[in-house]
């Protein structure tokens, strides 16, 4: 039985990070700083290009711009703190700072999960029902799908954090990660968390697995439909779909391993968490810009316009 005076004895958590070596931590600081700058620049370029370029005012790019915004928010929930901690000997985070970090990571992670499904629906309608595309994917449908993504992200994180925030922490306060990871923090509570751990696995793990299977089946159906056609538009659709499939795999893969198949040792989970929250937001803009001629052309037009105005000023 937990004593009332022990329920709030832990006011901060200690993060172990990736290494104890000062030289390696300085190297990690440089790498993570450059990666974060690339995340900000790459995703902002996509968002701004979609907003200002009339050639990109279509449902697919509307969702892509919002995906980049989710990536910006997801990486910003933890990465600045991770970068700063590489320069600190003692890496700590307050109890409520930890709770806020987990809340926003699951909020934007859940929202991005839902948005990827919306993007798959958009591509399905475009490929399998092209004659009805403009009717189905109208402005109202886009807004509804976007609001659903935000709502699902909020429900996803609230359903877990409402129980986690009330847990008593009175003993160990060491988190073997670079940021507050929900399964690791729950295990530090001074009470039986078996039911809550099952809730987290079901909420994050099985939901990710089900969504991934749904997306996989959807893309298989789309690829079969494309293979039955033979045109230049089909090859363009295959290129777009391959980019979507790559992003979906990179996003859901680490999440499924972390939550649906928890390991007895969390060393693997630690690096998967870093990949999910820091590397994936960097890869998404790279994948979409390198595989999409229209996006590359829009970014070139945006760059040339700003360069031209700078030279003439």
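Cβ coordinates come from backbone N, Cα and C, glycine included.
Per TrEMBL, the stretch carrying the note transmembrane segment among 141-163, 164-186 is 141-163.
Counting Cβ pairs closer than 8 Å to the transmembrane segment (60-79), the top stretch among 26-48, 99-120, 141-163, 206-226, 273-291 is 99-120. Listed as Cβ neighbours of the transmembrane segment (238-261) (distance under 8 Å, sequence separation of 6 or more from its ends, same chain) are residues 60, 67, 109, 112-113, 116, 119-120, 123, 127, 183, 200-201, 204-206, 208-209, 211-212, 215-216, 219, 222-223, 226, 268-269, 272-273, 275-276, 280, 283-284, 287-288, 291-292. Taken together, the residues in the domain 'G-protein coupled receptors family 1 profile' (42-288) have a mean pLDDT of 86 on the 0 to 100 scale. Using a cut-off of 8 Å between Cβ atoms, the transmembrane segment (99-120) and the transmembrane segment (26-48) share fewer than three residue pairs, counting only pairs 6 or more apart in sequence.
Through the fold, the transmembrane segment (273-291) approaches residues 18, 32, 35-36, 38-39, 42-43, 45-46, 64, 67-68, 71-72, 74-75, 77-79, 82, 105, 109, 177-179, 181, 239-240, 242-243, 246-247, 250-251, 254-255, 258, 299 of its own chain, all at least 6 residues removed from its boundaries and within a Cβ separation under 8 Å.
Tertiary proximity for the transmembrane segment (206-226) is limited to same-chain residues at least six positions away from its ends with a CB under 8 Å from its CB atoms, namely 113, 116-117, 120-121, 123-124, 127-128, 156, 234, 237-238, 241, 244-245, 248, 252, 255-256, 259-260.
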